[in-house]
Structure formats: structure tokens, C-alpha cells
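Novice: Shown below is the structure under consideration.
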Amino acid sequence: MFGCALSDSNIFKYGTTCDHGNTGKVHFLPNISCILRRKRRVAVKYIPRGNKQGKDAFNAGCVLHSGRFGSNSSSSRNGECGGPGKHPAPLSPPFPPPLQDHACVRDEAVHRDTRPELRPTSHKSRSLDCKICEHIATIKSASLIQEHEQDFELREQMSGYKRMRRQHQKQLIALENRLKAEMDEHRLRLQKELETHANNTYIELERLAKRHAAQTDKEMKSAAAEERRIQQQIVAQQKKELTTFLENQKKEYRLCKDKIKEEMNEDPCTPKEEKQERLSRHKETMQRSQAEEEAHLLAQQRLVYDRSCRALKRRSLVRRHEFEQEQLREELNKKRTQKEMEHALMIRQDESTQDLERRQLQMLQRLRVELMRLQHQTELENQEEYNGRRQRELHRKHTLEQRQQPRNLKTLEMQIKKQFQDTCKVQNKQYKALRNHQLEVSPKGDHKTILKSLKEEQTRKLAVLAEQYEQSINEMMASQAMRLEAEQETECQALKQQLKQEMELLDAYQRKTKSQMETQHEREQQKLEQKVSIRRAHLEQKIEEELAALQKERTERIKHLLERQDREINSFDTESRSLGFGSLGSLDFPKEDNR
């Protein structure tokens with residue numbers, strides 16, 4: 001029956017059993033719970049008022065470590081209140097839940113002492129306990145404050161990162177706006193230059209047209225004056241020739257008259273009337289002949305004068321044509337020169353626009369590269385700060401676990417010993433029941449022997465049980481220490497691997513964004529070069545088209561001028577031939593210096 005009672009109360013966590021066959025001496029074990037029990041000291045650490053979290057904690061009073069083992073206390077109380085025949089509560093798991101680190105930590109968990117002689121029984125003590133509990137109920141948890149601090153740091157870090165990104169966006173937008181304004185100003189300046197050049201060209205062409213008109217008027221006046229001068233010279237020369245001709249006729253008339261008189265004087269037989277008649281007849285003949293010669297000379301002079309005037313008109317027409325050709329060449333050359341200057345200005349403006357666009361693109365890309373470098377540096381610093389914080393938190397957690405390990409082991413040891421005490425109580429009750437049963441069924445003379453044997457058996461079983469419990473405690477402590485070190489090492493390795501993967505992900509992300517930015521910059525550079533080449537090709541095509549149009553205009557104007565001049569010359573020559581003047585190009589006119 002005693003063995004069955006022991007087997008029914010098998011509550012060992014580590015698989016130990018009792019040997020009922022061995023016998024030994026009877027040893028009475030004292031109450032182990034009374035020896036192991038001790039008072040626990042409470043160390044309270046206050047948070048200074050330096051920071052915001054400390055001020056909140058100070059307003060709450062103080063921060064206490066909340067790592068109480070409520071299950072252990074309840075189990076110990078239940079063990080004390082358990083009556084005969086009741087089994088003790090099972091052991092709690094060998095690994096207690098991990099405790100959160102706190103700003104203020106008690107050295108040991110606060111447990112209410114289970115000894116009735118040490119409990120406060122007075123009304124003042126109970127009221128004091130109630131006030132302390134009410135005060136402690138308002139104290140904030142240090143883990144909550146730490147979580148708030150971490151959240152605050154994360155929010156500050158994220159807000160700083162967002163502020164940096166917004167600042168970078170503002171810088172990029174400001175630079176783009178400034179570059180756009182600069183480009184608009186540049187284009188407006190180039191447009192004004194083109195307008196100024198076009199206005200200057202128009203003014204110069206107007207001035208050239210006015211100068212040509214003045215030169216034409218001057219040339220026409222000069223040609224008219226030259227024509228009048230030559231006509232006057234011809235008239236004077238013809239008058240001189242006529243005077244000389246008349247004088248010669250007079251001389252010839254006198255000579256003929258004297259000759260006839262001499263002939264008549266040589267012949268005295270000729271009557272006087274005959275002489276007079278012959279003389280008058282000869283005189284009439286001479287006069288008629290001289291009149292005919294004079295009329296012929298006047299007709300010749302008139303013909304020469306008309307021919308000379310016609311030739312003068314033709315020469316003035318030719319000179320006017322040459323002057324028109326010269327003016328047209330000058331005008332066309334001026335237009336070509338102005339057009340070439342305009343084309344050179346357009347090419348120079350296009351080159352300056354290319355330089356400005358390349359410079360602006362380089363500035364924008366340099367700013368992007370610098371901002372991305374700052375962003376990557378900030379991300380790397382934030383990641384390193386995060387890694388350091390995670391490592392510090394893990395180190396703090398491990399330090400706290402190592403500091404709490406003796407206390408946790410002590411709690412588990414107390415639980416095992418409490419189970420041992422409960423088992424001893426059960427065995428004592430079973431022993432008493434067995435003893436009473438044996439005494440009832442055995443003769444009175446054998447009572448002393450039976451009591452001695454039962455006592456020895458009970459002592460032996462309790463000794464074996466105590467040894468088994470002590471061995472279980474030692475194994476539990478060793479396994480808990482090794483398990484804690486293994487778990488902490490595993491956590492360290494897992495954290496290092498996680499932080500390494502996060503750093504690799506960050507590095508890959510940064511390299512990817514950098515590669516994307518470089519690809520974008522190359523694409524922008526190619527797009528700009530393509531835009532520049534297309535614009536230059538359009539400009540060159542426009543220049544060629546304008547030069548071709550100008551050359552076509554030049555050819556057409558020269559052709560029209562020459563055709564008109566040929567028509568005028570041909571018409572003039574036709575009119576001259578119809579007037580009977582023939583060819584007028586071989587006439588020679590006196591120079592102005594010979595007047």
C-alpha cells in the first residue's frame with residue numbers, strides 16, 4: 001500500500017523513480033522549506049528628470065521591475081493550503097518567459113512571504129499595504145517607456161529621413177525652375193538678337209534703297225547734263241563748220257568772180273551787156289551751187305546731230321543699265337551678306353543653346369548624384385544606428401537574463417523543493433495510515449518491531465527521494481545554464497545574420513537605385529544629343545533652303561533685269577534703224593575735258 005501511494009504520487013519532471021526494495025536507516029529530514037526560505041531585498045532605482053520619459057516616470061513616482069512569478073506564488077500558497085490526500089501542483093516550465101528590460105530593475109522578484117508568523121496582521125499594516133498597492137498601480141512600466149523611447153527614436157529617424165527627402169525634392173524642383181527660367185531668358189535673348197538683326201537688315205536695305213534712288217537721280221541728272229553738253233559741243237562745232245564753209249564759199253565766189261572778170265577783160269570784143277549777162281549767169285550759178293552745198297551741209301549736220309543725239313540716248317541707256325546691274329548686284333550681295341550673318345548668328349545661338357543645355361543637364365545630374373550620395377549615406381548611417389541599437393538591446397536583454405538567471409533557477413529550485421515537501425507530506429500521511437493498519441491487524445507484542453521496520457523503510461525512501469530531488473535540481477541548473485548560453489548564442493547569430501541580410505538588401509537597393517540613376521542619366525544624355533543633332537539638322541536644312549531661295553531670287557532678278565534691258569536696247573535699236581540711223585555703237589563723242 002505504501003508503494004502504491006508513492007507510485008500514484010509520481011510528480012517528478014525529470015523521470016526519477018523510488019526504489020521500494022532497498023532498506024536503510026531511518027533519518028528524520030527537517031523542513032527544507034524553512035531552511036531555504038529567506039527574505040528578499042528590494043532595490044528601487046529612480047529615473048532622473050532629465051528627459052521627457054524620465055519626467056513622465058518621475059511624475060508616476062518610480063519605475064519598478066514587474067518580473068514577478070505569479071504562478072509560483074499561487075502554487076506555493078496552494079501547496080500550503082492543500083489538505084491530506086491532495087497531490088501537489090505540477091512544475092512550471094523549466095524556461096521562464098523572457099523578461100523585458102527596464103530602466104529601473106529590482107534585484108529580486110517581490111514575493112509575499114508564506115510564513116504566517118511573518119505576515120502583518122495589524123489593521124495599520126493592512127492599510128499601509130493597500131496604500132502602497134494603490135501607489136504602485138499608477139507606476140508606468142519601464143518596458144513601456146523603453147518602447148515609447150524606441151518608437152520616438154524611430155519616428156524621429158523616419159521624420160528626419162522624410163524631411164531630407166522633401167528637402168532634396170525641393171532642391172531639385174528649385175534647380176529645375178531656375179534652369180528653366182535661365183533657358184527661357186536665354187531663348188528670349190536669342191529671339192531679341194534675331195529680331196534686332198532682322199531690324200538692322202531691314203534698315204540697312206532701306207538705307208541702301210534710298211542711296212540707290214539718290215544715285216539713280218544723280219546719274220540721270222549727270223547723263224542729261226552730259227547729253228546737253230555734248231549736244232552743245234556738236235552744235236558749236238557745226239556752227240563753226242558752217243561758218244568756215246560759208247567763208248570758203250565767199251572766197252571761192254570772189255575767186256570765180258575775179259577769174260571770170262579777168263577772162264572777160266581778156267576778150268575786149270565781147271560786148272558789155274553780154275559780159276554782164278554772163279557774169280550774172282555765172283553769179284546765179286555760183287549762188288545756186290553754194291546754196292545747194294550749204295543746204296547739203298546743213299542736212300548733213302542735222303543728220304549728224306540727230307544721230308549723235310540718238311547715240312547719246314543709247315549710251316545713256318546702256319549706262320543706266322550698267323548702273324542698274326551694279327545696284328542690283330550690290331543689293332543682292334548685301335542681302336546675301338545679311339543672310340550669311342543671320343545664319344552665322346543662328347549657328348552661334350544654336351551652339352550657345354547646346355552648351356547651356358549640356359551645362360544645365362550636368363548641373364542637374366551632379367545635384368542628383370550628390371543628393372543620392374547624401375541619401376545613401378543617411379540610409380547607411382540609419383541602418384548602422386539601427387544595427388547598433390538592436391545589438392545593444394540584445395546585449396541588454398542577455399545581460400538582464402544572466403542577471404535574472406540565478407533568481408529564476410532559485411525559483412525553480414524552490415518549486416522542486418516545494419514538490420519534495422508535498423511528496424514528503426503525502427508519504428507521512430501514507431505512513432501513518434499504513435502504521436495504523438499494521439498495528440490494528442498485528443498482535444500487540446509485534447507493534448514495536450513493526451514500528452521500527454516501518455520507520456526505517458520510511459527513512460530510507462525519504463533519503464532516496466531527497467537524493468533524487470537533489471540530482472534533479474543539479475541537472476536542471478546545468479541544463480538551464482547551457483540552454484541559456486545556447487539560446488543567447490543562437491539569438492546573437494540570428495541577429496547578426498538578419499542584420500547582415502538587411503545590410504546586403506540595403507546595399508543591393510542602393511546599387512540598384514544608383515544603376516537606375518546612371519541609366520537615366522545616360523538616357524537623358526542620349527536624348528539631349530539626339531535633340532541637339534535633330535535641331536542642328538533642321539537648322540542646316542533651313543539655312544540651305546534660305547540660301548537656295550536667295551540664290552533663286554538672285555538668278556531670277558538678274559535674269560528679269562537683263563531681259564528687260566535687252567528688250568529696251570532692242571526696242572531702241574529697232575526704232576533707230578526705223579529712223580535710218582543704223583548702228584550707233586561705233587560713234588565717238590568728245591570728252592568733257594576737251595570742251
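Cβ coordinates come from backbone N, Cα and C, glycine included.
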Novice: Which stretch, out of 158-196, 197-235, 275-313, is listed as coiled coil by TrEMBL?
Specialist: 158-196
Novice: Could you break down the residues of the region 'Disordered' (382-403) into DSSP helix, strand and coil, giving a count for each?
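Specialist: Helix (H, G, I), strand (E, B), coil: 22 helix, 0 strand, 0 coil.
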Novice: In the compositional bias 'Basic and acidic residues' (564-576), how many residues does DSSP assign to helix, to strand and to coil?
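Specialist: Split into helix, strand and coil, the compositional bias 'Basic and acidic residues' (564-576) gives 13 helix, 0 strand, 0 coil.
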Novice: With DSSP as the reference, give the number of residues of the compositional bias 'Basic and acidic residues' (519-531) in helix, strand and coil.
Specialist: 13 helix, 0 strand, 0 coil
